[in-house]
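S.K.: What follows is a structure written as structure tokens; I'll ask about it next.
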Amino acid sequence: MRQDNLSAFDRDWTPPEFSTLLRRATRALMRNLWLLVLSMVAFAALGAFWASSQPQVYTASSAIMIDPRLTSTSSGSPTPTIFQADALIVDSEIEVLTSDRLLRRVLTRLENQQMMPEPQTDEGEDTEAPTTEDWIAWLERQLLVERVGNTFVISVSFTATDPQLAATIANLVSDEYLVSQQADTRGRVEDATRFLTTEIDRLAKQSSQAEAAVQQFLVEHDVPRDGTLGLVGLEITSIEEEIVRVQSDMRESRTRLDQIDVDLQRLESGNGVGELLSVDSGTPTLARLFEQLKNEQAQGQVLRGDGVGSAQVVVDRLTDQLREELQQLRSARQSEIEVASASLAALEEQHDQLQQDASRIAAEQIELGNLQRTAESIESQQRRMLDQLQQSQSQDLFIVGAARIIDDAVAPSEPSNLSLFRSTVVAAIAGLFLAVAIAFFREQADDRIRTPEDVRDSLHAAYLGSLPNQRIKPSSSPAKKAAKQTAGRQMSVDTLRRTAVSLSGQGPTLISSPDDQRSRADFSYLLGRFLADHGANVLLIDGDARSRMLTRLLDLAPQSHQPVTLSEGLSIVAAPPDAALNPSAHSQAIRDIVGQTAADYVLIDGPALTDPVEELIQAADISRVLLTLPFGQQSRSNLSQLLEQRPMVTDRLAGAIMTDASARRLRRIDPITRHTHKTS
């Protein structure tokens with residue numbers, strides 16, 4: 001499994017700060033410094049050549065302001081004019097200033113003033129008279145019309161080789177714009193006058209027809225005066241009150257009639273009269289007879305014998321008189337009810353007739369009111385049209401433009417071209433920006449490994465440090481050679497120490513690289529020397545059967561398949577030469593060497609990742625793999641593909657070391673080396 005023996009620096013790693021990003025950008029620019037300088041020089045030369053070859057031109061400008069004033073209507077309420085200045089109106093007027101119609105009028109005035117410029121042609125070409133379309137296109141190219149900020153001012157600029165011509169055309173464009181605007185306004189006023197006159201005539205006819213319709217309606221329908229509907233309403237109210245009174249009298253008469261019927265039934269029963277309901281203050285005769293009857297009945301109860309009979313005769317007589325009186329009273333009440341019913345029917349008939357008259361009068365007055373309102377509306381429209389006609393006729397006398405010229409163009413004394421110096425500077429700056437953009441895209445497309453972050457991102461393994469570009473020189477004595485090569489390598493001590501920490505545990509260590517690199521053999525020897533100097537027993541194995549890089553580096557014979565002692569605690573051995581042609585035999589030979597050694601550390605140099613390295617890992621039971629990556633020579637994508645194809649290497653990858661870079665460059669990109677340099 002992969003060994004993740006990270007140092008304190010790796011465990012405490014944080015995202016880069018602004019200063020780090022700035023250093024990376026500076027390094028990228030320094031790598032592309034030649035491109036920046038070349039681009040600036042080339043563009044500066046082109047700018048200088050272009051500036052020197054261009055003819056001198058002059059630009060003259062005039063200014064027009066769109067008037068944002070408000071006019072007042074006849075009603076006194078402010079309304080915006082048709083040219084009220086806002087963003088849309090100003091932009092629309094700019095289109096008018098650059099239209100073909102206006103430019104043709106400018107061209108006509110130039111021809112009338114005999115100020116047409118001479119056509120410019122190259123030497124040797126036939127001179128042909130430019131057409132009108134050619135002159136219009138030339139005016140469009142040289143004319144610049146734009147809004148000044150967020151104001152209502154429009155700037156009209158024209159560029160030409162003749163300063164007087166430039167000023168003349170700029171002023172002509174402004175003048176023709178005002179003339180065309182006033183002409184359009186006058187045309188609109190005339191159209192409005194004709195339209196209003198026609199409308200007034202039409203409304204006058206309609207008004208006459210409406211008045212005639214009102215008079216004809218009054219004659220045909222005999223519409224009463226305005227107060228007539230009120231008198232009819234009063235009569236209806238009076239009749240309704242009389243109807244209510246008559247109905248009340250009828251109800252009272254019916255009640256009296258019912259009382260009389262009850263009293264008659266009592267008299268007919270012969271059981272004693274008791275009290276009569278019909279007796280009241282309005283019937284004195286009936287009250288007198290009823291009082292006598294009650295007195296006789298009271299005396300009859302007191303008398304006995306013959307006196308009782310005579311009293312009964314009197315009572316019967318009085319009873320008959322009461323009955324006759326009640327019959328007469330009943331007949332009178334019935335007559336009253338009949339008379340009231342007839343009166344009520346007459347009142348209701350009169351009420352219905354009045355209701356019909358009121359409805360007819362109301363309908364006629366409504367229709368008359370509609371006719372009168374129509375006539376009044378037509379008269380009101382006619383008055384408004386007359387007011388508008390008066391305003392239109394007054395505007396036709398003196399047209400006030402909605403825009404005015406606030407600045408006339410004058411012939412410039414200085415050309416508008418950029419000077420030679422400015423053109424050169426601007427071109428150089430443009431070349432600089434282009435070179436920076438190209439450098440940026442180059443850096444984005446270039447994925448070569450140059451920094452510790454590149455190592456971590458591509459390998460997802462610990463970054464163990466870097467080694468400066470210092471080659472081990474051959475020597476006759478391995479001991480002297482080792483002594484020479486360990487001197488002056490203070491910058492590599494921390495890298496070797498970090499690597500030694502990652503080698504803790506059992507099993508041999510394979511040191512490989514993407515390709516055959518001498519820096520890999522340098523690192524293998526230096527790592528073994530470092531471990532031996534710290535009291536460990538180290539065995540170096542030259543595992544690269546094809547290149548024999550480590551044995552050639554130490555000037556050992558290719559047949560040195562027996563252990564050779566380089567210094568105290570440090571030995572080197574290579575597989576037998578006959579096993580080099582067979583990868584399986586080579587792997588088996590290295591396995592035998594590993595199985596026979598009693599060294600504390602076994603370091604196998606090679607083979608490269610492009611060789612069948614997985615067979616060696618499986619045969620020799622290698623527990624960890626270290627990679628040496630040459631600075632700026634290996635692509636991250638290619639390295640990732642190599643590792644994906646070799647999962648055994650990926651599982652056992654303990655870390656990577658960056659090599660083949662100058663000490664100065666490593667101090668810039670490697671924080672470990674930079675810290676070691678400052679401490680030393």
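Including glycine, each Cβ sits where the backbone N, Cα and C put it.
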S.K.: Do you know which of 119-143, 319-343, 469-493 TrEMBL annotates as region 'Disordered'?
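M.R.: Spelled out, TrEMBL records region 'Disordered' over residues 469-493, not the other listed ranges.
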S.K.: Please compute the mean pLDDT of the model over the coiled coil (315-395).
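M.R.: Overall, the coiled coil (315-395) comes to a mean pLDDT of 75.
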S.K.: So what's near the transmembrane segment (33-51) in sequence-distant terms, Cβ-Cβ under 8 Å and 6+ beyond its ends?
M.R.: 417-420, 423-428, 430-432, 434-436, 438-439, 442
S.K.: Provide the three-state DSSP residue tally for the domain 'Tyrosine-protein kinase G-rich' (365-443): helix first, then strand, then coil.
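M.R.: Its residues divide into 57 helix, 5 strand, 17 coil.
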